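Working notes for the structure below.
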Amino acid sequence: MAGILFFLAQVPREEFSLTFLLFSLAFAGMVGLFFLAEEKLNFRSVLLAGLLLRLAVFPFAPQWSDDFVRFLWDGELLKIDQNPYDQTPREWQEANDDPDNSYLNQLFDNLNSPDYYSVYPPLNQAIFWLGAKASKCFVWNGYFTLRLILLLGEIGVFVLLWKILMAFQLPIKRIFWYWFNPLVIMEITGNLHFEGLVLLFLMASIWAIQKGKLGLSGGFWGIAIGMKLLPLMLAPAFLALGKSRKSVWFWVGTALATLISFTPLLIEHSWVNFAQSLKLYQGKFEFNASIYYLLREVGFWIEGYNTIAFLTKILSLSTGILIGYFSWKRQPKSLFELVDLMVLIYLVYLILQPVVHPWYILPALGLSVLRGKMTFSLWGFGAIFSYQAYENADFQEQYLYLILEYGLVVLGIYLDYFSKKMKPHRHIEVT
């Protein structure tokens with residue numbers, strides 16, 4: 001697998017056929033390891049094997065995403081005491097154009113969003129700053145530093161997954177679905193996406209609940225919110241769980257961590273531009289969607305144009321209603337029922353979103369490992385079909401690949417939620 005990932009990390013996303021072939025081989029390798037592995041596994045051996053796979057992609061620049069350029073750009077602004085939320089890159093470049101600053105000029109020329117304010121929360125910006133400080137005006141140094149930080153986060157995820165699986169006497173080889181997963185390795189270590197850190201703090205929150213440290217659990221959840229905002233949608237799940245709902249310390253920990261995380265947005269009214277970018281993102285972009293695309297076609301048929309502005313509002317409202325309903329209906333009484341609900345919330349959100357990049361599914365994939373559910377494991381393979389769009393100059397998606405991807409998702413939903421052969425899971429009270 002390491003050899004396959006070594007070559008996969010060098011393949012541009014525009015070469016979909018080769019990307020799909022190598023990814024499929026790596027995914028098959030993971031599945032093979034899962035079925036061949038014994039129930040008793042050595043912690044150090046599994047840890048080192050996963051690290052070896054990640055080190056195989058370490059030397060190469062991200063090939064599937066250019067978001068890391070914005071990470072380094074924002075970090076460079078912070079390094080020179082500039083506010084990355086104050087101006088768009090183009091506005092900053094026009095006001096501060098320095099022909100001698102070849103590094104910033106190089107970053108600007110490779111940005112994919114020079115006309116948008118930064119959409120990355122302050123905790124992300126702190127990590128970007130570390131990458132910029134270590135870069136010494138060399139891109140490789142910058143993304144190497146970010147990669148090292150994300151790798152440390154991945155080790156943390158591995159340790160927490162192992163501890164939780166061991167504590168509840170669950171099959172330890174379930175960890176393979178995350179630790180050896182080529183999508184996880186490529187999107188986090190390879191392409192520098194921060195969903196691995198989000199998962200780290202969600203796992204830490206779950207582990208702290210299991211240990212009865214409710215204030216700490218709330219704090220970890222607050223940090224996860226500070227990393228990506230999206231974990232805020234898990235609030236109904238924590239409200240539905242009696243132990244967290246009744247704990248003042250849980251909510252104090254959450255409030256403190258969240259407030260500290262977002263306080264920098266109060267500087268120079270940064271929150272205004274930050275919120276503007278979030279709003280723009282929700283009402284303008286579309287990629288690799290499912291239900292949204294079906295409704296969009298209905299909108300074309302009825303109205304004769306793309307009704308994205310209307311649909312995003314309706315789908316956002318529907319997402320909130322469904323999350324609230326499932327949280328009220330399920331009322332988790334055990335730690336794993338809470339995890340089940342968290343995974344379901346992510347599923348509802350992603351199914352109704354107009355933009356679903358492959359790395360968006362990774363926190364839910366990691367959480368679902370604890371329950372042995374298949375939806376996100378199957379989606380972890382199906383997500384590779386979304387990269388087909390990049391082989392076209394206009395990023396045109398083909399419905400065949402969308403059908404293949406979401407066909408696997410539907411299969412997973414059937415197996416996890418509707419199959420009569422579902423086995424009952426261990427019930428562990430936490431209330």
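Including glycine, each Cβ sits where the backbone N, Cα and C put it.
Curation plays no part in TrEMBL annotations; they are all automatic predictions.
Some features that TrEMBL has for this protein:
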- 16-36: transmembrane segment (TRANSMEM)
- 43-61: transmembrane segment (TRANSMEM)
- 144-165: transmembrane segment (TRANSMEM)
- 177-208: transmembrane segment (TRANSMEM)
- 220-241: transmembrane segment (TRANSMEM)
- 248-267: transmembrane segment (TRANSMEM)
- 304-326: transmembrane segment (TRANSMEM)
- 338-361: transmembrane segment (TRANSMEM)
- 399-418: transmembrane segment (TRANSMEM)
Positions whose Cβ lies under 8 angstroms from the transmembrane segment (16-36), at least six residues beyond its ends: 1, 4-5, 7-8, 64, 173, 176-177, 180-183, 186, 380-381, 384-385, 387-388, 390-391
Cβ-based contact of the transmembrane segment (220-241) with the transmembrane segment (338-361), 3 or more pairs under 8 Å: yes
Beyond the flanks of the transmembrane segment (248-267) by at least 6 residues, Cβ under 8 Å: 83, 85, 121-123, 125, 214-223, 225-227, 238, 274
Positions on the same chain near the transmembrane segment (43-61), where near means CB under 8 A and six or more residues out: 1-3, 5-6, 8-10, 139-140, 143-144, 147, 151, 154-155, 158, 162, 175, 179-180, 185-186, 189-190
